[in-house]
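Visitor: For 26-124, the entry in Swiss-Prot reads domain 'Fibronectin type-III 1', with the evidence type sequence analysis. Residues or ranges marked as domain 'Fibronectin type-III 2' by Swiss-Prot: 127-224. Per Swiss-Prot, N-linked glycosylation site is recorded for Asn54, Asn104. The signal peptide feature in Swiss-Prot is assigned to 1-18; the stated evidence is sequence analysis.
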Amino acid sequence: MSKLLFLSLALWASRSPGYTETALVALSQPRVQCHASRYPVAVDCSWTPLQAPNSTRSTSFIATYRLGVATQQQSQPCLQRSPQASRCTIPDVHLFSTVPYMLNVTAVHPGGASSSLLAFVAERIIKPDPPEGVRLRTAGQRLQVLWHPPASWPFPDIFSLKYRLRYRRRGASHFRQVGPIEATTFTLRNSKPHAKYCIQVSAQDLTDYGKPSDWSLPGQVESAPHKP
């Protein structure tokens with residue numbers, strides 16, 4: 001399939017009402033995906049490595065990107081650790097662009113070369129990593145939950161996150177959810193003394209761009225300080 005046809009498909013997809021950030025790939029090509037867990041510092045992209053048929057040689061990849069679907073726009077290298085790497089990084093994200101990024105991943109193997117294209121808007125693929133350091137403090141019937149923003153989220157004071165909690169008492173079959181919460185602490189009232197709880201936290205961009213993170217690891221109860 002020619003690059004011109006790929007570009008035509010990408011332009012059509014980006015203008016269609018049901019447009020999502022889905023790779024436009026030739027038959028038997030890897031599906032390329034990108035996410036912005038480090039917004040706005042970078043967008044990270046990855047794809048499934050290919051093994052050329054009847055060959056022991058590994059496939060190498062050339063990854064480039066540009067802002068906009070027009071072919072006359074200048075392409076830049078998507079940063080890879082090596083030609084065989086199956087992931088790359090787009091640095092210095094252009095914020096709130098009205099045109100999509102176009103990522104072109106070309107697989108080069110002994111049988112030839114073929115390309116896959118992915119069109120995306122950076123804000124639509126924001127997905128923070130899970131919050132970190134979730135911990136629990138008990139005080140009678142109150143259970144305080146504390147956590148930190150994901151370390152990979154570079155500017156939490158500027159590009160703020162909001163959080164949701166889910167919790168259940170040991171033995172319960174369903175989680176209850178609380179949120180959204182803009183602080184990094186929340187107190188559950190009327191908790192059962194001495195009961196054990198599974199509590200997890202999820203993060204999302206404050207302005208609802210993209211998707212929520214996966215749930216964090218369950219919170220750990222802090223040890224009471226030793227009295228001298």
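Using the three backbone atoms N, Cα and C, a Cβ is placed for every residue, glycine included.
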Visitor: Check the domain 'Fibronectin type-III 2' (127-224) for me and report the mean pLDDT.
Guide: 90
Visitor: Looking only at Cβ atoms, how many others are within 10 Å of the one on Asn104 (N-linked glycosylation site)?
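Guide: Taking all protein chains shown, Asn104 (N-linked glycosylation site) has 20 Cβ neighbours within 10 Å.
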